[in-house]
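These features come from TrEMBL:
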ACT_SITE  193  active site, proton donor/acceptor
ACT_SITE  209  active site, nucleophile
DOMAIN    47-91  domain 'LysM'
DOMAIN    103-233  domain 'L,D-TPase catalytic'
SIGNAL    1-38  signal peptide
């Protein structure tokens, strides 16, 4: 179970749950994640994976419950489609939710993840595919208005203009892009749904809907009720304090995700912005010594996993 905090909440991949020794219940971690120390002394909340023959960053992402582009962001120096066998790659298996909710679904477009806040305080996190450029997923508040197993797909007029070969209705089955489950939102024509193309999860390729891996959407479908609040936001950074450490997580911008997809090394990087500064200050207790050099580095690199950017005086002295 993950403890709620007024400011923000750490969430975990829906894989295995564990508590890292020395950290409180706020840090409910997945897949054996722990505080890893980089060569430069940076503290990260990550797991690692050793590349095997036949692996790609995409197959590793699916196996570890992640999206393709978040694996790319965490491993910018790794060849995504032919990683070196035996190389250790970072698996960003822990994420900080950009805000807390009592109960509901939070769509983080900035992180390309869905956070499900459950009644018992558990928070699960799942990778998602979101709207392509020009077909952005809406932001704001809505709710789940209907659920459907094995849904038919009725392409909108705009989709059929772009793809005139499509029929007016695609029946349930292996050719249906909604997959096996659909949760209809209060925004007309927008859904949280599965997919028949898992390769699109963790990327900006949809017409605005939220795509999930088939196994993830089936799990979430059983846990949510009609009427459940849903909020979608673009905020791409999150901050949390726990056990003497201040953690910061920063993701690429939406344009940055596009550049990662295109393997453009000159992607836009806003760096340290005023909203990141404000949230770091707001989350840090008076006892915390903020390392502003670390904050600036995390903001610029946009690796998409939590990094310690401040420590309490007694923790820093260890």
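Heads up, residue numbers simply count up from 1 along the chain you see.
Yeah, the Cβs are placed from backbone N, Cα and C, and that goes for glycine too.
Annotations in TrEMBL come from automatic prediction, not curation.
The number of other Cβ atoms within 10 Å of the Cβ belonging to residue 209 (active site, nucleophile), over all protein chains shown, comes to 23. Residue 209 (active site, nucleophile) is 8 Å away from residue 193 (active site, proton donor/acceptor) when you measure Cα to Cα. Per-class residue totals from DSSP over the domain 'L,D-TPase catalytic' (103-233), listed helix then strand then coil: 19 helix, 48 strand, 64 coil.
Residues of the domain 'LysM' (47-91) grouped by DSSP class, helix first, strand second and coil last, total 15 helix, 8 strand, 22 coil.
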